[in-house]
Amino acid sequence: MDAADMGPDLAQVLITEEQIAQRLDEMAARIDADYEGRDLLLVGVLKGAVYVMADLSRRLHRSAPMDWMAVSSYGSGTKSSGVVRILKDLDTDLTGRHVLIVEDIIDSGLTLSWLVGNLSSRGAASVEIAALLRKPEAAKVEVDVKYVGFDIPTEFVVGYGLDYAEEYRNLSFIGTLRPEVYGG
Ligand code: PRP
């Protein structure tokens with residue numbers, strides 16, 4: 001789905017498909033270098049991370065197994081609460097593994113903060129984060145993110161995995177919606 005397919009719902013293209021691809025190239029090169037000689041387990045967080053995982057992992061010049069978690073934060077609408085419930089857990093034993101969490105976005109940081117603690121407590125050798133997007137001004141907790149694609153303003157964004165009410169995940173770029181779309 002591209003900008004033309006969005007019709008009037010699209011307010012602005014924030015990050016183009018080409019910019020995403022270029023940044024993922026750079027992130028993958030750093031991950032390749034940093035994890036050279038070490039095992040690496042990619043952990044994606046459903047559903048938003050599907051596109052980042054697919055495109056980032058394919059850029060690595062090594063084999064990297066992946067596993068998936070689905071979590072839900074008890075919060076209303078677009079707000080995280082920090083209380084996280086596991087909807088789908090990993091199939092993989094993390095003991096001694098070098099884990100790289102792959103995420104689409106860090107907003108308040110509450111989900112990732114909880115996740116890093118949770119995965120670390122399972123005996124992982126290391127737990128790091130790769131996130132395509134980060135909203136620095138929305139941070140409620142400090143999260144140490146090793147690989148960040150783009151810092152963006154505190155705006156509601158969709159596309160490339162990010163949804164509004166489950167819509168627009170399959171947009172090829174990151175964009176903003178006209179406020180009318182979500183009753184703003
Ligand atoms: C998004 C995103 C992170 C979380 C970030 O997931 O993928 O997991 O919110 O928010 P936070 O930093 O404020 O905790 P969401 O709950 O929207 O689920 P989804 O990936 O299925 O869309």
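In case you wondered, yes, glycine gets a Cβ from its N, Cα and C as well.
Pulled from TrEMBL, these are the features on record:
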DOMAIN    18-164  domain 'Phosphoribosyltransferase'
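For the domain 'Phosphoribosyltransferase' (18-164), the model's pLDDT averages out at 94. For the domain 'Phosphoribosyltransferase' (18-164), residue counts in helix, strand and coil come to 39 helix, 47 strand, 61 coil, using DSSP.
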